[in-house]
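Below is one structure; the comments refer to it alone.
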Amino acid sequence: MNKALFLCLVVLCAAVVFAAEDLQKAKHAPFKRGAAGAAPCFCPDKVDRGDLWMFRGDCPGGYGYTSDCYVWPNICCYPH
């Protein structure tokens, strides 16, 4: 019984370590909606649509965004 519990503990620890490693390798963990990309959003002063990022204070870097507007508690980032 003790060996089985020890083995379960080792497997659980290994799973946690590998899961944490995968999260560290990720460039960014966005709350970007939609299976094919972000949900569309529209700002009052823009003609085209932007990308809706949920629960963020600013647009993430590395995606080429140059402007934004707040759709509380989310942010709409441009250009698409």
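Backbone N, Cα and C atoms are what each Cβ position is placed from, and that goes for glycine too.
Here is what Swiss-Prot says about this protein:
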SIGNAL    1-19  signal peptide
DISULFID  Cys41-Cys76  disulfide bond
DISULFID  Cys43-Cys69  disulfide bond
DISULFID  Cys59-Cys77  disulfide bond
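Just so you know, of the disulfide-bonded residues Cys41, Cys43, Cys76, Cys77, the Cβ with the fewest other Cβ atoms around it within 10 Å is the one at Cys43. In this structure, the C-alpha atom of Cys43 (disulfide bond) lies 9 angstrom from that of Cys77 (disulfide bond). Cβ neighbour count within 10 Å across all protein chains ranks Cys59 highest among the disulfide-bonded residues Cys59, Cys69. Of the recorded residues, Cys69 (disulfide bond) and Cys77 (disulfide bond) place their C-alpha atoms 7 Å from one another. Each residue contributes its Cα atom, and for Cys41 (disulfide bond) and Cys77 (disulfide bond) these two points are 8 Å apart.
Across the fold, the C-alpha of Cys59 (disulfide bond) and the C-alpha of Cys76 (disulfide bond) stand 8 Å from each other.
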